[in-house]
């Protein structure tokens, strides 16, 4: 079977690795154009491109698949199937129709819940009990196609966006390989999604990461976990930015953002309902530290009565 793979970040690269170890022929890889990255803003290849180059697989990086030249280039590859994982470009219907068996997608949620750009973080933020990977046939709509296969994992009370991402990135590749086998032998037909159950995982916005201390502590604790490692929740103290990488629910009352206590166990801050104990912070110019270490060296900065977010 001739497969074209389309993907961009590390999550997609894990899927490409599994396909390279499978009996299927990867005839080409599509990925987004190189982007500036790092302090020097040098053009850097995507994780998928780096892996493809290392395996001598032809790489295509069109800025769009909406023009006829890009579509003709894909058609010339004569693919049987296109596997799309976190590619980042919209595939018009003419592209979806090029492969003999169509296009399939590995999506990091239990569809139809959390269609869209940020399903992993939104699942943690919402307090979902479980997440997973859905392999589906692609349609012109956003993550609306018939579902071929699902794998499920519970979301634990200490899962972050990063830890759930890594777990799903490890689960998804085997599901894709299994789905391809099912398509090849005709055993997988696909289950139509119930649009009435659909929710949308909107793209992450850095402004969302600014902590609003008037919100309930339970919501903020989930948000802090969901946005770790990016975009990372933050607030201000004494006019300086403070990144909050970990917190746990606590008790106490005060004005939203008010420091209620500080000890080696954490910095307890009042919220709109209950309080949070901040256990891992990062100050400007420093690295992320357990609050125990900050408390020992910067005790005066975290005096009771000070207010975060002002």
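Cβ from N, Cα, C; glycine included.
As recorded in Swiss-Prot, the features of this protein are as follows:
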BINDING   109, 110, 111, 112  (6S)-5,6,7,8-tetrahydrofolate binding site
**Fill in**
Here the 10 Å Cβ neighbour count for residue 112 ((6S)-5,6,7,8-tetrahydrofolate binding site) comes out at 20
**Prompt:** Using an 8 Å cut-off from the Cβ centroid of 109, 110, 111, 112, can you name the remaining same-chain residues around the (6S)-5,6,7,8-tetrahydrofolate site, in sequence order?
**Reply:** 107, 113, 114, 115, 119, 132, 134, 143, 147, 150, 193
**Message:** Please list, in sequence order, the residues in the chain of residue 109 ((6S)-5,6,7,8-tetrahydrofolate binding site) that are at least six apart in sequence and whose C-beta is under 8 Å away from its C-beta.
**Reply:** 115, 119, 120, 123, 131, 132, 133, 134, 201
**Asked** Relative to the Cβ position of residue 110 ((6S)-5,6,7,8-tetrahydrofolate binding site), how many further Cβ atoms are located within 10 Å?
**Response** 20
**Complete:** Note: in the chain of residue 111 ((6S)-5,6,7,8-tetrahydrofolate binding site), residues six or more apart in sequence with C-beta under 8 angstroms of its C-beta are 134, 136, 143, 147, 150, 193
